[in-house]
Amino acid sequence: MAPRTSQRGPVPSQREGAPSNKPPALQPLVAFYMFLAANVIAAVYSPIQDCDEVFNYWEPTHYLNHGYGLQTWEYSPEYAIRSWAYTGIHAAIIQIGRLLPFGTKTSEFYFLRVVLALVCTLCQTRLYSTISRTLNPRVAVFFLMAMTFSPGMYHAAPAYLPSSFAMYTTMLGFSAFMDWRGGIRTAQGIFWFAFGSLLGWPFAGALILPFLAEEVLLAVVTGELYDGFRRLLDGTVRSLILLALQTAVDSFFYKKLVCVPLNIVLYNVFSGGSKGPNIYGTEPWHFYVRNLALNFNAWFFLALGALPLLLFQHLIRQKTISKQTLLRGVVFTTPFYLWLGIFTLQPHKEERFMYPAYPALALNAAISVHVLLANFGSTDPRDLASRIPAQLKLLSISIFILATFDIGALRTIGVFTAYSAPLAVFTPLRRPGVAHAGDNVCLGKEWYRFPSTYFLPNQVRAKFIKSEFSGLLPGEFSEAKVGFGLFPGAWLVPSGMNDENKEDPGKYVDITHCKFLVDSHFPAVAPSVHEPNYAADKDVWEQLTCSKFLDASETSILGRLLWVPEWPFIPYRYRRRWGQYCLLRLSAIVSLQPDKEGLTTTGLNPTSALSATLSPEGSMSCIANDTVYHGTITPPHRHAILLTMARFSIHARAAEKIDKAEQWVRHNCNTAKLNVAMERHKLDPRTLLYGTLALLTLTWVASRIIRRISSRKLTARPGTPDIEKRSPFKAPSREPGVWIPQDFKRPTAPPFPSWSLTETKPLPYRPFRYGPKYNVTMGLRTMHWDEWIELDNEYMKYHDLKAQRIAERGSKCSRTAPEAYDGAVELVEELMDYLPQRYPSLYMKTAVGMDNIVTGESFNIIERPLKEDPMQMAARFTQDDLAIMFERPDGQYYLLAGSILLAGFWRLEDKFGMPLSEIHTSGDVPQFKEKLEKGMMNFFKRVQPEKAVLRNNYFIQVDDELAWSNSIGSEDAEGIGWFTAEKNKAIRHHYFRSERQSLRRLPRSGGVVFTIRTYFLPITEICKEPYVPGRLASAVRSWGDDVSKYKGKDRYQEVLLEYLDASHQEQLDEGLDPAKEDEARVYPF
């Protein structure tokens, strides 16, 4: 009867015909779809944040896929600080995507983005599942919210950057180190961090340090130095193999031996003076504070508070909020602080440097919210929070969740609507007849917003013209067919490259080579010599398309941070101001005559040519089909886009000829031929995004309303109780030892579906968890009323054994104190009411009591005196042992009624009449005083008749006696204990003993009833079940010295563990996948 140590699990038992009672949590599949929806939206609509992504990754990938692209100095074999292995993986993905019927390079761009979004989703779901299982389902839900609501992930999830790649592997590394099911996964965790650090970004390896420190500390404390060293060595060897493969690939491309991760570290850490990352700009120390506050709003500040809150909860409140120790909690929360500290100290700062730590930030924030809610939801009268009405608490939490969602959504929409123009303006180039092979699209001051050559048609090249920027621009990969080997552009040394960001004039082309030009104009920005307002020169440039682009210098801080709608009632000073981001095309093609007047264009608008004249016999172009008739074009300008008329010094005759030429072009060239059907079905991205967000919000609101309505129709069932908190059913005020009868009627139990005395099998309770920590708790979970008593096809075996024990031992096993007699009778009445409802094929209710249809027994509860002790009578009804605790005036609960026939390790005669605490201390229950007593006493005082709970525990027994384990001594002996058991008996003598206990308050007498159902199976039988041997071996190893002594571990551990390990290995050899265990079982099964 005494509550024993158990490993607490949040998932209650489930039986056929009974509703599930799992704690509120999202299934991993649901979380997967939520992550996927957010990431795919980001992949489709998120603008590219950093030109590094374009020029260092998209462009080299384009070179691998299409044979040409822009090249940065980092890819020069002289420096070799970018990995072709990393780029090659992505190029291979695009190559696979090219097999699909997409047709355009832009489709390839978005295909890779969606694949990256999917990879991110898989990693997020893996970490979500691990958090839910390892920490708490509520922590996992808040982790999901932080990851999906935050604008930071809108940029990071689909980004083609090593820092995003490192973010993916960080999530897998976290999962490996956090998930100890089936053993410690140090080697796997090291490999994932190495994968992200070597192939992606070397500095991401810093995030592994807290986990390695835990590994070393664990090895030292447990004395398992060899096992710890072996795990570290295993992970290191895996990482070195990966490094060797990467080095081989990179060396193949560069045609020399290179170690790219080492080169990256050497350049970024050991360069100085005119080299190194600092030459690209520095930021103040608070840059990341501002950036993370913007990208994660409240979640960032919650993340900062995770460790202090965790320490406060454990050291001051002295309450656990997860299934892990304080040490593991510290290890889980430390990586974010470590990462933020390291990069805050670096002068050169970039938003993308924080990407690898985003999962750690979200985890910290989720832990903080969980701790705060655990205290905010307290009903302990000593806590101030207990005085806050529940409705106000719910409102506060709802406001917080909706606020974080709304702020994140407004920021995300604001970024998309403000800065998405670069992804849109190149669309006209893909229309038939607009651009052709050999055309150039020139970039001036907008070079750093170029979204990559994937947005240009085949063989249309991006070129740079001079702007106010004076640093080093990318060159082009060599397309020469020289030497032996693939991709010569990867190993031929390009000219004009340097690692000091020094300008190379050779990277520019003259504007006369530009057929198209991308430019922006902001009203408040004055044109300059190198950055004139090209779009305003309408005589020269035709606007193919223009999109709005936020004018950040003129927009208020609110408009820069969030989406501000263009509603008339919003004050003008808060509205967003706009510039134009345009794709321009040369408005007409002219031939250049020799400069007979000796005039030059020096110092003038580069699109003006004083020597340009128009000749009908010269060169004209039909813009729709790009047919060019070459007249007097000088050789250096043939096949280039020629300059148009000068804006001044043009005489009337030339103007007249221009008019005639324009009329001829309009008459003969159809420049408006577009696909009507495509235009008819064209979708506005902003409309689609707003509609999706609105639909998600409405769906969430509708689901909450439906759930609220449904909950009012259903019978309220309380959730899993917290033994440290007051019951939500307030007990009437009373003196200790005085019970006020309550008018509570247990709900009618439905018949057990298809129950059979011969076919219904015992439920497979296996209430043990993976180590390395064994949790000593009461392990309570809410009980459904129809699950109170479990009967199965072993009923007759238990019934006959009980009858034998009653006949042999009588009052030694069944007795009732006079003061508890009414309570015992009440229990009999409750059972006589319940059993015929639940098992109508076994029991039938009668006018005086109940009949057993199978055994022919009749039980009369009306007659007085009763034929036998009421507890003894009740014991004949069930397969359970029964006990009732009653409160006396001293406030303690005493064992005053019981029928303990199958306990195995304890005797009713020893415990009868003892108070609750003494029952446990006399049995040396581990950590009872430290961890169990206070909570158990509170539970007994507060539990109400409406509140029924379940718990499970387990033991190992080294004999086959269900009723009494003779291995610890004779049932009638004085000194019994494990010390008498034979050591290391053969495995066939080892049995698994599991108890399923229910606890409830009787409404009339106030007694607290225990029902104790024992399940008894050979170890060899349960080890045939998938996952059981490995999990049980891990659980046994997790017992501390006190638990080991209590459970007699030294009597059987050598034989048992050897057998369990061998059985587990056999299952693995047969293809068992430990990662799929959660799909096959739920606690306590």
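Even glycines carry a Cβ here, placed using N, Cα and C.
The transmembrane segment annotation in TrEMBL falls on one of the ranges 160-178, 236-254, 255-273, namely 160-178. With a threshold of 8 Å between CB atoms, the same-chain residues lying at least 6 positions outside the transmembrane segment (325-345) that come near it are 135, 174, 177-178, 203, 206-207, 209-211, 213-214, 217, 285, 287-288, 292, 303, 306-307, 310-311, 314-315, 353-354, 356-357, 360-361, 363-364, 367, 773.
Here the transmembrane segment (190-213) has long-range neighbours at 83, 85-86, 89, 162-163, 165-170, 172-173, 176-177, 232, 234-236, 238-239, 242-243, 246, 261, 264-265, 268, 330-331, 334-335, 338-339, 342, 356-357, 360, meaning same-chain residues at least 6 beyond its ends whose C-beta is under 8 angstroms from one of its own. Listed by sequence, the residues of this chain that lie at least six past the ends of the transmembrane segment (160-178) yet keep a Cβ under 8 A from its Cβ atoms are 50, 52-53, 57-58, 61, 86, 90, 112-113, 116, 119-120, 123-124, 126-127, 129-131, 134-135, 185-186, 188-190, 192-193, 195-197, 199-201, 204, 207-208, 211, 214, 331-332, 335, 352-360, 363.
Between the transmembrane segment (357-376) and the stretches 109-128, 292-313, 397-419, it is 292-313 that has the most C-beta pairs under 8 angstroms. Same-chain residues lying 6+ beyond the ends of the transmembrane segment (397-419) with a Cβ under 8 Å from its Cβ atoms: 45-47, 145, 149-151, 154-155, 294-295, 297-299, 373, 376, 548-550, 559-564, 576, 685-686, 689-690, 693.
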